[in-house]
Amino acid sequence: MDADVMAAMGISGFGKQTRKRQLDAARFDKAKREEVSTPPSAQGRGQDAGPSLTAANPPPPPGLSGVASEDVDSPQPPSSASASRPGEPPEEEPEYDPDEEYGISGQADLPEFPITHELILKDHNKVVSALALDPSGARILSGSHDYDCKLWDFGGMDQRCKPFKSWEPAESYHIHDLKYSPDGQRFLVVSGTTQAKLYDRDGEEQATFVKGDPYIRDMKNTAGHVSELSSCAWHPKDMQTFITGSADSTIRIWNVENKRKQKTVIVVKSKERGARTKVTTCGYSPDGRYIAGACLDGTLHLWKTNSNFVRPDITTQYAHDKGTETGSLAFSVDGNTILTRGGDHTVKLWDIRSFKRPIAERSETKTLYPSTNAIFSPDNKHIVTGAGGPEKGGHGTLLFLSRQNLEVVKELDIGATPVVVQWHPKINQIVVGLTTGALSVLYSPQTSLNGAKLLVNKGPAKRPTIEDMSDAAAAPAIIIPGVTRDGEFTSGLPNKRKRDKDRQDPRKSRRPEMPVHGPGRGGRVGASATQHVVQNLVRDTTRDEDPREALLKYAKADDEDLQWTAAWRINQPKPVFAEEVEEKDEGEGE
């Protein structure tokens, strides 16, 4: 029906109009960070500390002034400045740009880094040592020195900002590394033990991979690692393959379907005495052609995945100081540049085509924890890493470095020392694990998508009132076997089989406990050791039997069965039993 006809008939629409929720325009102001002073190098580049939330609209183009005046009741005459003077050529009308009408003049007003707002997720008790985000950006996986792993879901969290699952993967061992699979359906947990664990998306354990025999000297002959694990990485294209690095001087390639033994073993040999060294971190190149590993002796190795892994294809001996743990290793998008974050307080860039010396180096980035990492930005123009404070207990900073020369572009004070950092490319948000056990989610309302913004759009949780509590206490819960919690029977053929199966389950159908039949039914005897004892007591009849008769019944058996006494039967005396004399009553004798 035409809208004009409906308006003439007095019909505004069909059905009840849904009430639209009005969002507060200033809802992000509560999470806005305070302005931080920018270093001189960043000010020279014109980098803003943080954009304002309201951008002023530019004036409309002169060519649109006549069009806009038609909608106004009292049009204004054109200004004399816009009219062309006689004898001069008329000015060209500028091209219409729809972005200028909404105040979006290119990308000048948008922040370069999503750090204007912050969301704090606090549930760990100690330093956050591992961090991972699923490929969709909907969930965060965190590991800490408090031995816990926690799963956070942006869509399911409320204003309390608590994880929906928390567990201890390896009892009292620190969590060293966490990695999501490329499809986001599984993730790996690497702790201080010798066994990596595989979990599904919801945190249910799927496999625990085998550990090797510590008494075997040759590491190629062991089925798994024999020392604590340090890191792991998934193959970027093969969802069934991943690698783990360990202190037993090996990198092992695994298949998720075979938890009994690894596919291949890469033995890392050191030039130091003993020929063994700890593999502190490892990773795949984006195309899956190379496996890189950094070691405790300061070396950096690369192996081609199509080789036999006898010796590395590319090696640099003194990538970092000897005896320091390299916290992270990351490839650029093109696969030609490697970024390393060393325990010697340096950040270095390496080109695999010229691997002897770093192409750029940044020192004085203090490292307090060996798991401190460095990452590339999604556009590969910057590098993000954390640096510790100048003194113990001081505030650390989050550094944004230029990829060209590793100069500081932006320095952000986040109140504690950042250890691990991740920048998700889809939601454009930065998640930082701090020494206080908190997770800091940095975002921008203008350039970020979903993630932490979902929590701001949600209203605060409704506080229960006295009336609500009294109504809940006064209304008794009626439990009917075979009925769901909502009190509805599901209908339809597909649910019939499931409903019948649930009715057979005593827990789902809430069926009352049936009485016990058989021995012990007078008391509540369960299927335990008590029931076994009671049943044997009922069956036992030796209490009502004469012991003398019980012994004499074996007298005839001894005469018939000469299995044990046949050898000396001739010399054995014959037993003489006393004859029973019947006593006469006194009355009969008289």
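Including glycine, each Cβ sits where the backbone N, Cα and C put it.
According to TrEMBL, the feature compositional bias 'Basic and acidic residues' maps to 21-36 (among others).
Per TrEMBL, the feature compositional bias 'Acidic residues' maps to 89-102.
The helix, strand and coil residue counts that DSSP assigns across the compositional bias 'Basic and acidic residues' (501-514) are 8 helix, 0 strand, 6 coil. The compositional bias 'Basic and acidic residues' annotation in TrEMBL covers 501-514 (among others).
The region 'Disordered' annotation in TrEMBL covers 1-107 (among others).
Feature annotation from TrEMBL assigns region 'Disordered' to 485-530 (among others).
Taken from TrEMBL, the feature repeat 'WD' applies to 121-153 (among others). According to DSSP, the repeat 'WD' (121-153) comprises 0 helix, 19 strand, 14 coil.
If you look up TrEMBL, you'll see 222-264 (among others) marked as repeat 'WD'. Residues 176-177, 179-183, 186, 188, 190-196, 198, 207-214, 216, 270, 276-288, 291, 293, 295, 309 of the same chain, all 6+ positions outside the repeat 'WD' (222-264), place their C-beta atoms under 8 angstroms from a C-beta of that stretch.
Only residues 6 or more beyond the boundaries of the repeat 'WD' (272-307), in the same chain, are considered here, and those with a CB under 8 A from a CB of the stretch are 227, 230-238, 243-251, 266, 313-335, 338, 340, 350, 352, 355, 370. Summarising the annotation, TrEMBL assigns repeat 'WD' to 272-307 (among others).
Mean predicted confidence for the repeat 'WD' (328-354): the pLDDT average there is 94. Sequence annotations record features per position, and here TrEMBL assigns repeat 'WD' to 328-354 (among others).
Long-range contacts of the repeat 'WD' (121-153) within the same chain: residues 161-180, 182-184, 187, 189-191, 201-203, 369, 371, 419-422, 424, 426-427, 429, 431, 433-441, 449-451, each at least 6 residues beyond the stretch ends and with a Cβ under 8 Å from a Cβ of the stretch. The DSSP breakdown of the repeat 'WD' (272-307), given as helix, strand and coil counts, is 0 helix, 17 strand, 19 coil. Within the repeat 'WD' (328-354), the DSSP-based counts of helix, strand and coil residues read 0 helix, 15 strand, 12 coil.
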